[in-house]
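Participant: Marked as domain 'ABC transmembrane type-1' by TrEMBL: B:65-257. Positions annotated as transmembrane segment by TrEMBL: B:7-27, B:69-90, B:102-124, B:136-157, B:178-200, B:236-257.
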């Protein structure tokens, strides 16, 4: 008995216990729902069978049903646009701002940190603020744009099906730029100054230095930031809830919001699970690449 | 020298453009109902009105914010209690098993709430947990943010010199003693900052609360805000005042801890 307690006080038992508690929690509240989700995607789950433990299995019916939905392709395309444009814009803006704040001037790191104020705010509040800025009739953005002579009539950013998705992308870029910028700053700060000096002495121009030194030396960071960007963009839900609820007519809907709508507004829970399973598979694949690349960098 | 101040001025301009929406929120909160819809809009309120008390009582903000605090506090407590030890072991021991655990933790970090909520809702419903909606949100959100906590705190533990721990063991401390009296105090700052970060994230949690809590009196401030922003709402002064009251404490904490939060984030995400 004494030996038993001792291993928990001093030996491997102590480590196993500490890891085991946290891991057990995660298995119950993350891994189990993950598996349950997969199971439900093959079941007929609606309001009546919700609490039943004995739900009918329907094979691939839910998957076939999702594939036959006319909104599938437009929403898929929206998701691709949402992720693609957000990630590219966040990355390039973040990179540009990071490089600017790398220059030597007073308060540069302090001012740079203030950008994260946008990131720390609850996304739903950010959505509320943007829906006021973007409001069609009295929104300040329309006013500024027409003062500058860029638009003649008010644009209905959130209710025009042609622009609603882009408005959300815009707000999402705003939300994501600071995080990208801060991570890239770390990478930039890690490039030794003398490499640049040597290149400058050899007569390399600013642009040459960017492409031959900065970009190659930032490869690991860029990989990490792009994968994190994809992951975080696919987590974005609050902005959709605050700005357009996926509308008008699904024109700004994306998979992660559609899955929730299917389950919680239409009560087609099995169908929601299908989308959820597919999306989680994709997110995990991206995360796999991210973890592999950052681990590898660290060990070498 | 002039170049430096030129750059500083440019930096301030860039930052101001970026933070304009935040400014606009505060300015709108100070405007009267008619001034909000003035054309052209005023960029400084003509007749500033502080509507904090009125909005606070009319929109029942005390109830919503208390729920948000309860949820965020519960999540932070669970995560800090369960996650700290795990982060420590993952920082100290490197073998095949621990690499596997770390990999699993990193994977669970990326699961989107909006996709996890469907199985969580059904499972919690079957287990009867939905009888306690706020507890359900706390449990689900803790699982969501615990991986991030473990990753960030692990990065802090990596910086605590192994020698100090070994010295404590030689002096006759047990592992538990060394852990609680030497290692955790040395990593105190990292643990605190990460806990603050987890608290702030959970303070603004939306998906789980929206889906698991149906009773209005138990909902947190995000869900409350959403319910006031119906498609035909024109009470923008109210919504912006609400938002301002909600985010001001968050922004204050952030500005005070800015340096620590930034360095904590970067060490965790890239290592």
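Including glycine, each Cβ sits where the backbone N, Cα and C put it.
Because TrEMBL annotations are produced automatically, they should be read as predictions rather than curated entries.
Note that this is a predicted model, so its numbers are computed, not measured.
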Participant: Other than its close neighbours in sequence, what residues sit by the transmembrane segment (B:236-257), given a CB gap under 8 Å and a spacing of at least six beyond its ends?
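Facilitator: Distant Cβ neighbours of the transmembrane segment (B:236-257) are 22, 25-26, 28-29, 31-33, 36, 51-52, 55-56, 58-59, 61, 65, 193, 196, 200, 203-204, 221, 224-225, 228-229.
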Participant: Using a Cβ-Cβ cut-off of under 8 Å, list the residues of the same chain that are 6+ residues beyond the ends of the transmembrane segment (B:69-90) and lie near it.
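Facilitator: Sequence-distant neighbours of the transmembrane segment (B:69-90): 98, 101-102, 105, 134-135, 137-139, 141-142, 145-146, 149-154, 156-157, 179, 183-184, 187, 191, 195, 198-200, 202-203, 205, 209, 220.
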Participant: For the transmembrane segment (B:178-200), give me same-chain residues lying six or more residues beyond its boundaries with a C-beta closer than 8 angstroms to one of its C-beta atoms, as numbers and ranges.
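Facilitator: Same-chain contacts beyond the ends: 72-73, 75-76, 79-80, 84-85, 88, 145, 148-149, 152-153, 155-157, 159-160, 164-165, 168-169, 250, 253-254, 257, 260-261, 264-265.
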